[in-house]
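Colleague: According to TrEMBL, the protein carries these features:
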type     : residues : note
COMPBIAS : 394-409  : compositional bias 'Low complexity'
COMPBIAS : 428-449  : compositional bias 'Low complexity'
COMPBIAS : 469-478  : compositional bias 'Basic and acidic residues'
REGION   : 356-478  : region 'Disordered'
TRANSMEM : 32-52    : transmembrane segment
TRANSMEM : 185-207  : transmembrane segment
TRANSMEM : 213-235  : transmembrane segment
TRANSMEM : 256-278  : transmembrane segment
Amino acid sequence: MKGWFDLSRVDGGPTLYSHANRTTVTGDVTTAALFLAAGTLFIAFLVIFPGVRKERFTTFSSVTFSLFVGTAILVTCQGSSWHVAKNQVTATYRAFSKERLRAEVGAYIGLQHVNITLRALPEVNQTEAQDIDFNERFSWGGAGDMRQGYREGLVRGLPFPLLTVAEALSLGQEGFSWGGQYRRAGYYCAILLWASFAAWCVTNLLLIVVPRYGAYCLAGTGSLMLVADAVYWSLLPRTQLMVRFEGAELNFSLGWCFWLVLAAGALSVLFGLVIAVFDMLFPHRFSTVLEVDYDTPYDRHIIIEESRGKPSLERPSAFGSRILRRLSRRDTNSKQQEEQRQLQLQLQLRQGLDNDAFELDPPKSPWRYPFQREPRQPRLQPPRVAAFRRTDSQDSASSTASSVRVSFSNLPPPQRQSSLLRQHQEQKLLQQQQQQLQQQAQPQLQQEAEQQEIKIPSHPALRRSTAGLEDRREVAMW
């Protein structure tokens, strides 16, 4: 099988890799893993997003912003770009060498470590030095870790530019304690960032259950992030660190991690306050926007309360509650109240309607809603016919009262103002007719009283009984 497996083999032996094949560091593995996890969650959300029934914009914006804030907190906790410096320098590569190396030196300070890079410029160096590309990390989790890392770099024989930056950060005496100050700033900033991450987790839970408190917690998360930035900036070295080389120097400035936390914190505070104000002006609307209480007993309760135009039971009493209540009410509340007043007025004016079946209560028929039928108007009769109306018995007052047509069945639905005015006019007309009938029947009653020689006694009880008898006679005449 000669020719099949003899690639990179010498004299039939195993494959020999005789040259160096080390690859340079292209990025932070932890940061890349965090970005990958956040991207996976966002892609999964985009896959299920077409199935969202309504409120698509608010759902997309809330989920996207929540993922952005959480990713920003985790990435900046592990990132290496809080305080950065980068410049092109000319320096020697190793000791006892006259060869000058033109390279780019960078220092990227994180919360608990510093990354120092050295990359030769290939367009300037035409020798073997063009393959130089270093990325060394020095951690300062403990008080003496940076000094120990610098000693290990000396033993390993790292290039002089890397050792120069590491030496400046490892010193801790007199006014050269830049490493200790960076370590203290990163320590307190990391504590506040992890506290904001815990608040972010609680925010997501509250947005699902109680959106109002979720908005408050979102504003608290942003406040913790802003405080973390302020603490880090205040604890930076008062004397700015400048690492000098031949013809150049490294000047440090705030990196993208600092600005990312600042932007995410400011947006969190802004959105939290906006949602809180929106919930104060329009109570129970934000939960509907997020579909938190959709199709639940709580949601149905709120819908019923709003449809009746009544204030909700859970509405908080805050400063200026009357103004907020007026702003949160719909424009239809006044119309609903007017319709209720009209209905009550019509219930008071329901006498005089036909009740052919002598029903005491109105029939509860589902066919009445939403069809609104005009109520049957009372039939007006001339005075002569009403005066000589036939009854079951002229002598029985009870039978006469039982023949009176009283309506409780056809309750009129809410009508317009014109129908109410018409009913008022008809009611006034009926009253006038009743007065005329009483005036016409009064002489007949007087004649009957004279024939029977009824004399009204002076005792009050007898007067009341006589008055009752006259009332029954009037009813009989009706």
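Cβ atoms are placed via backbone N, Cα and C, with glycine included.
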Colleague: If we skip the immediate neighbours and take only residues 6+ beyond the ends of the transmembrane segment (213-235), which ones have a Cβ under 8 Å from one of its Cβ atoms?
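Modeller: Same-chain residues near the transmembrane segment (213-235) but 6 or more away: 69, 73, 82, 181, 184-186, 188-189, 192-193, 195-196, 199-200, 202-207, 254, 258, 261-262, 264-273, 275-276, 279, 286.
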Colleague: Residue list, the transmembrane segment (185-207) vs rest of chain: Cβ under 8 Å, 6 or more residues beyond ends.
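Modeller: For the transmembrane segment (185-207), the list is 62, 66, 69-70, 73-74, 76-77, 82, 109-112, 213-215, 217-218, 220-221, 224-225, 227-229, 231-232, 235-236, 261, 265, 290, 292.
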Colleague: Per DSSP, what is the helix/strand/coil residue tally across the compositional bias 'Low complexity' (428-449)?
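Modeller: Within the compositional bias 'Low complexity' (428-449) the tally stands at 22 helix, 0 strand, 0 coil.
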